[in-house]
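So the structure is just underneath, and the comments pick up after that.
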Amino acid sequence: MTLSALQLDLLTSRYNYYAVVLLLGIGLYMLVESPNLVKKVIGMNIFQTGIFLFFITLAYRAGGNPPVVTKGGGPYVSPLPHVLILTAIVVGVSLTAVALALIVRIYSEYGTLDEDTLEQLYYD
Amino acid sequence: MIEHLPVLLVVVPIIGGAVPLVASLVTDRAGWSIALATTLVHAALAGLLARQVWTDGVVSYAVGGFALPYGIELVVDGLSVAVVALISAISLGVLAYARHAGPHENTFYSQFLLLVTGLTGMTVTGDVFNLYVFLEITGLAAYGLVASGRDASAAVAALKYLVIGTVGASLYLLGVGYALAATGTLNMADMSAKLAAVGYDSTLVLTAFGLMVGGLTVKVALFPLHTWQPDAYANAPDSASAFISALVSTVSAYALARLLFSVFTVDFLTAVPAARWALVALASLSIVAGSALAVSQRNVQRMLAYSSVSQFGLVIAGFTVATPIAVVGATVHLVGHAVMKGGLFAATGIIERETGASTVGGYAGMGTRTPLAAGAFTVLALAMVGVPPAIGFVGKWYILVGAVEAEIWPVVAVLLVSTLLTLAYFARLGERLYFAEATIREEAPVADGGASVSTGMLAVVVVAAVLAVALTAAVPALDQLLEQTLPPLLNQ
């Protein structure tokens, strides 16, 4: 059985969305499965990056120029998602900073970054 | 001045929140007074706004004067003004408690005001992306407040809260993306009209609903998504856990209601029965599982946290039933729960300071050693169970009547069962407090470096207990306020 032209087209033209799904999946998997707290935070970042890419892909328009008004004129890609994601990136950076600060405190107190070891210390 | 009220409500605490950090250059004990001054201004603004909503109905404000629906809109109606007033009142109460109970650092009060900013912003915003930003501001401040406890376990609890909370907020953001793809707008009112035009059975719309509501239920802490809550509440300093337990989930539940009624609308719930039943199922599961987990707890603060899981299931069930009486009931319970749960956490803080008791077993015989705090605790607990004439009864009764009217029987059954379970865990505590032999002999073991109890702390708990009963008298006023607001929201 061979792929029809339409299916092939779907596969090749939607690669951004595959990247989004991949990033969301990898991020969430790291977040849940990695016992290392720092890697959990990295997973959280990858998960958020997937969402950022999703928004940027939404804004894309075939043949569109960057949304900077110059002499060239339109059509432009939608500037709105870019602005939203700029905000979301700032939020993501602050969250990472707070998370890392908490991890520093946890490490200085318990001397470990391993979740399972921490769990044992925590409930004793 | 008066036309800028909605935006001032958000701007005042965020500016006030920066002042304690600057004041740290001079003194590190100025935070409390600055927070008090800012919160008093916030309360005055909230009062003025409530009066304006009472006379004029819905107040809309375009931030920066940008034309709607492209600019950010702030919308205040009867429902949001009730929540704003609640935020002011609880903040003042928590400040009265924190005056003596601490923490005393300036940074704590910066975070406190940042949390007030986030909560107020979530309440007044009329823009789904703006809601995400304020959700994250609320989250960041709450993580910081939880971590401000002396023990390192507070940092562990805060990190857990941060990771789960971030996933919830990110799912919400992803849902906003889907809604944006479907409608091309972020303004709630505009989006609700365009969603109807796209068609409620469109995959984009259904996915957006699932992700946005799913993300918010993490913040509300409904049953399978509640795991951050008990650790966070039990490890935070007493002032912070009273504040967070009273407001953070409350405002998230309000945001969920806003999303249901202002964005997706009741028509969506009717057109997609699966969405309504999924929410009813989640809420019912939460009510039963939360109560059952609460019964099995030994630590009193963890028990109260699980009790929240159950009570918020009830609130969400009320909103999902979506008849006017059920929505009024859910709002009454939302407000009442904030007062009762905040008061209960404050009371456990006092009891632990005075007697060292923090477990159900340890509470034995403590009723006579801390008569005032234990008395207030008992009154609040009975109010939470729903003994008339307390506010807890009114909320539950309205939700029950609404569910019977709408013939959503699972909610009726679950509500009755959960009331029995609530009685089970609170009655056990009451029995220990007054009728059991004391297990803790020595006088007041000092837990917190010379912990003592001030008049302000006791006053907060007593006022909360009095309010838990007296608020019943305010229900007709709230009813009238919502009478103008609800019909357009519920399409009636």
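Every residue, even glycine, has its Cβ placed from backbone N, Cα and C.
Quantities reported herein were computed from a predicted structural model and do not represent experimental measurements.
The domain 'NADH:quinone oxidoreductase/Mrp antiporter transmembrane' annotation in TrEMBL covers B:126-422. Residues or ranges marked as transmembrane segment by TrEMBL: B:6-27, B:34-54, B:74-96, B:108-125, B:131-149, B:161-182, B:243-265, B:277-300, B:312-335, B:372-394, B:406-427, B:457-478 (among others).
Taking residue pairs at least 6 apart in sequence, the transmembrane segment (B:108-125) and the transmembrane segment (B:34-54) share three or more C-beta contacts under 8 angstroms.
Long-range Cβ contacts of the transmembrane segment (B:243-265) within its own chain (Cβ-Cβ under 8 Å, at least 6 residues beyond either end) map to 79-80, 83, 86-87, 90-91, 94, 112, 115, 119, 122-123, 126, 128, 131, 135, 138, 142, 145-146, 179, 188-189, 191-192, 195-196, 209, 212-213, 216-217, 219-221, 229, 232-233, 236, 304-305, 308, 312, 315-316, 319-320, 322, 327, 330, 334, 337-339, 341-342, 345, 489-491. Among residues of the same chain six or more beyond the transmembrane segment (B:372-394), those with a C-beta under 8 A of the stretch's C-beta atoms are 307, 311, 329, 332-333, 335-337, 339-341, 343-344, 347-348, 350-351, 354, 366, 419, 422-423, 426-427, 429-430, 433-434, 453, 458, 461-462, 464-465, 467-469, 471-472, 475. Among residues of the same chain six or more beyond the transmembrane segment (B:6-27), those with a C-beta under 8 A of the stretch's C-beta atoms are 34-35, 37-39, 41-42, 45-46, 49, 59, 61, 63, 74, 76, 84, 106-107, 109-114, 116-117, 120-121, 124.
Within the same chain, residues 6, 9-10, 13-14, 16-18, 20-21, 31-32, 34-35, 38-39, 42, 72-76, 80, 83-84, 87, 91, 94-95, 98, 102, 131, 133-142, 144-145, 148, 240, 243-244, 247-248, 251-252, 254-255 sit at least 6 positions outside the transmembrane segment (B:108-125) and bring their C-beta atoms closer than 8 Å to a C-beta of that stretch.
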